[in-house]
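Have a look at the structure below, then the notes.
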Amino acid sequence: MKNWKTSAEQILTAGPVVPVIVINKLEHAVPMAKALVAGGVRVLELTLRTECAVEAIRLIAQEVPDAIVGAGTVTNPQQLAEVTAAGAQFAISPGLTEPLLKAATEGTIPLIPGISTVSELMLGMDYGLREFKFFPAEANGGVKALQAIAGPFGKIRFCPTGGISLKNYRDYLALKSVLCVGGSWLVPADALESGDYDRITALAREAVAGATA
């Protein structure tokens, strides 16, 4: 972690809402990122669920300097190296493995690994990590479960993701242990497909306003 250019905490505190994005067409990447930034959302998680995801990260990193673009669904050291080379400023994984944790601590961008149990949390802590993704948040018991997991670990911070929506995101943000939340509602698939970037900007503005109210 000594080579990380920035900390996971710095990334997550730039939230408070991180859109979890699935890009199917490369031409959507830059206008979508600009639309989110215009709405006050700068930290973007592009999931590695499609073939063009890495190139989309590269384009956003090059063409939208106000965005803090990272990679989601990073599951192995090879992917971590690939997204780092593409210009990702952080990486998020759905879970954690020792090979991935080792690669992250030796790499140059912060990894925010997913955890759903205390044992997983403690493994990540053994590698020096202090910020984690609580995933899948709602399926794992939601706010009450996260409160229970976070209880013994006063210095650990979280970005809950999974089942988070406009209806419940403020409940998570109210927790002391939560720096930001991740959610897919900010970039609806139909808005992306139709090029309705004004709608994406409006959703971003709404989320930021609600988080800071």
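Note that Cβ sites are derived from N, Cα and C of the backbone, with glycine treated the same way.
The active site, proton acceptor annotation in Swiss-Prot covers Glu45 and is backed by similarity to another entry. Sequence annotations record features per position, and here Swiss-Prot assigns active site, schiff-base intermediate with substrate to Lys133. Per Swiss-Prot, the feature pyruvate binding site maps to Arg49, Thr73, Lys133. What Swiss-Prot records for Thr161 is site 'Plays a major role in determining the stereoselectivity', and it gives similarity to another entry as the kind of evidence.
All features noted in Swiss-Prot, drawn onto the structure.
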{"residue": "Glu45", "record": "active site, proton acceptor", "DSSP class": "strand"}
{"residue": "Thr73", "record": "pyruvate binding site", "DSSP class": "coil"}
{"residue": "Lys133", "record": "active site, schiff-base intermediate with substrate", "DSSP class": "strand"}
{"residue": "Thr161", "record": "site 'Plays a major role in determining the stereoselectivity'", "DSSP class": "strand"}
Whole-number Å only: compute the distance from the Cα of Thr73 (pyruvate binding site) to the Cα of Glu45 (active site, proton acceptor).
9
Between Arg49 (pyruvate binding site) and Thr161 (site 'Plays a major role in determining the stereoselectivity'), how many Å separate their Cα atoms?
16
Cβ-Cβ under 8 Å from the residue listed as 'active site, proton acceptor', same chain, 6 or more residues apart: which ones?
Val18, Pro19, Val20, Ile21, Gly70, Ala71, Gly72, Ile92, Gly182
Integer Å distance between the CA atoms belonging to Lys133 (active site, schiff-base intermediate with substrate) and Thr161 (site 'Plays a major role in determining the stereoselectivity'):
7
Which chain-mates of Lys133 (active site, schiff-base intermediate with substrate) that are at least 6 residues away have a CB under 8 A from its CB, listed by sequence?
Ile92, Ser93, Pro94, Ile112, Pro113, Gly114, Ile115, Phe158, Cys159, Pro160, Thr161, Gly182
At 10 angstroms around each C-beta, which of the recorded positions Thr73, Thr161 has the fewest other C-beta atoms nearby?
Thr73
Which value in Å gives the longest Cα to Cα span across the pyruvate site residues Arg49, Thr73, Lys133 as recorded?
18
Quick check: which same-chain residues outside Arg49, Thr73, Lys133 lie with their CB within 8 A of the centre of the pyruvate site CB atoms?
Val20, Glu45, Thr47, Leu48, Gly72, Val74, Ile92, Ser93, Pro94, Gly114
